[in-house]
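Engineer: Just lifted these from Swiss-Prot, have a look:
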MOD_RES   197  phosphotyrosine
MOD_RES   198  phosphoserine
MOD_RES   208  phosphoserine
TOPO_DOM  1-8  topological domain 'Cytoplasmic'
TOPO_DOM  30-80  topological domain 'Extracellular'
TOPO_DOM  102-115  topological domain 'Cytoplasmic'
TOPO_DOM  137-159  topological domain 'Extracellular'
TOPO_DOM  181-219  topological domain 'Cytoplasmic'
TRANSMEM  9-29  transmembrane segment
TRANSMEM  81-101  transmembrane segment
TRANSMEM  116-136  transmembrane segment
TRANSMEM  160-180  transmembrane segment
């Protein structure tokens, strides 16, 4: 695996990890849907994993941390845990990638470095999946409630910017992890060992006929 491909994979994975952090912190998983009579409103509501915010028409914004975890919808409760685990996995994957990087001397053996890099790629792939699942789950819930006639219009929401950031984070980590998983051990380690057999050499004198005799034959 070339160093350029390794750097590209690690850079994409790190960028995806940063986007995951933004997705986790941004309180815009759900935003007010401007439909029906609510098209003219004096405030906009944002809902995130950790807090909700109300933006007034004057530009003033007030945010409040959720008082209870049980007050959150089921998809946001699961998203909290999965997104945090995804961030921690990506951190661990980054540390493993640095250990197995070709530009570091933590490990001297090239074969071991390649295997460590593959492990880092798998960790980033898992982090991408753990980011993709809650983001897609939340988007599905928002769309389902939006078209549900039993849900009041005042309670309907639209997808916020955090969901799009989460999808981008998942895509970047998937691509970066896939590039790191392309790291293979050097082919020299798989080359078959060739065994060369040579005829035994005689220590006795060689006659004119080319046959070697031991000296005891002349006694």
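Our numbering is plain: 1 for the first residue shown, then up by one each step along the chain.
Yeah, the Cβs are placed from backbone N, Cα and C, and that goes for glycine too.
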Engineer: Per DSSP, what is the residue count of the topological domain 'Cytoplasmic' (1-8) in each of helix, strand and coil?
Structural biologist: 6 helix, 0 strand, 2 coil
Engineer: Are there residues at least 6 beyond the ends of the transmembrane segment (81-101) whose Cβ is under 8 Å from a Cβ of it, and what are they?
Structural biologist: 6, 10, 13-14, 16-17, 20-21, 23-24, 49, 107, 112-117, 119-121, 123-124, 126-128, 130-131, 133-134, 166, 173, 177, 180, 183
